Amino acid sequence: MTQSLADMRREYTRDGLSEANAPSDPFSLFRQWFDDAVKTERLPVEPNAMTLATVDADGYPHCRILLLKGLDERGFTFFTNYESAKGRQLAANPRAAMTFFWPALERQVRIEGSVEKVTPEESDAYYQVRPLGSRLGAWASPQSRVIADRAELERLLADTERRFADQPPSCPEHWGGYRLLPQRIEFWQGRPSRLHDRLDYRRQDGGWLRERLAP
């Protein structure tokens, strides 16, 4: 390393987050922040990239980067292989957490809640708009399984291409979407001297309770 980790820091001075300007509905604030990120974050950064955390049967957390592909009043939607490590973990423990970080805006959003599968129709609708290579890959890759080498993966893809040479691939039963139903959403805005703004929304009595947290 060319620089000490202990010396790596920056000041956050871009913006603030006050209760007076924050809506009572966290979905409204998320959409506002997401739109800001789309306008501000420079390519190749993906504003819809987020860290998804799940827990395995032994209680160990697992994190990976995924892309958010849907948002409505029910929750946050992403797609994956149901037989992958994350799919097996969600089948055993259907709870998860997401984190979005938009460094250009000095903002972070943390989301926690339960997870459900979307309908097959929703999965198929998204699958059909994916690039052909991605659709074939969903069939070819035994996600999270041990394989011998890259050549094996390429052989699996070649077999899949031959299989669907005369017809478009359909959405596999082992592939589809999940929707995270939030119970808690926290918005973090970087501020000077590490005295950051944190607004926490929690489900309560059919609505949302909003509270400020100490940084």
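Our numbering is plain: 1 for the first residue shown, then up by one each step along the chain.
Glycine residues also receive a Cβ, built from the backbone N, Cα and C atoms like all the rest.
According to Swiss-Prot:
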- Arg9, Arg10, Glu11, Tyr12, Lys69, Tyr126, Arg130, Ser134, Arg194, Leu195, His196: substrate binding site (BINDING)
- Arg64, Ile65, Leu66, Leu67, Leu68, Lys69, Phe79, Thr80, Lys86, Gln108, Gln143, Ser144, Trp188, Arg198: FMN binding site (BINDING)
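Here the features listed in Swiss-Prot are painted onto the structure.
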residue : record                 : Cβ contacts under 8 Å, 6 or more apart
Arg64   : FMN binding site       : Thr51, Leu52, Lys86
Leu66   : FMN binding site       : Ala49, Met50, Thr51, Leu52, Phe78, Thr80
Leu68   : FMN binding site       : Asn48, Ala49, Met50, Phe76, Thr77, Phe78, Met98, Phe100
Lys69   : substrate binding site : Asn48, Thr77, Phe78, Phe79, Tyr126, Gly177
Arg130  : substrate binding site : Ala138
Gln143  : FMN binding site       : Thr80, Asn81, Glu83, Ser84, Ala85
Arg194  : substrate binding site : Pro215
His196  : substrate binding site : Tyr12, Trp188, Gln189, Gly190, Pro215
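In the three-state DSSP scheme, Arg64 (FMN binding site) falls into the strand class.
For the FMN site, whose binding residues are given in the record as Arg64, Ile65, Leu66, Leu67, Leu68, Lys69, Phe79, Thr80, Lys86, Gln108, Gln143, Ser144, Trp188, Arg198, the maximum C-alpha distance rounds to 37 Å.
Just so you know, the Cβ of Phe79 (FMN binding site) picks up 23 other Cβ atoms within 10 Å once every protein chain is counted. DSSP assigns Gln143 (FMN binding site) to coil in the three-state reduction, outside any helix or strand.
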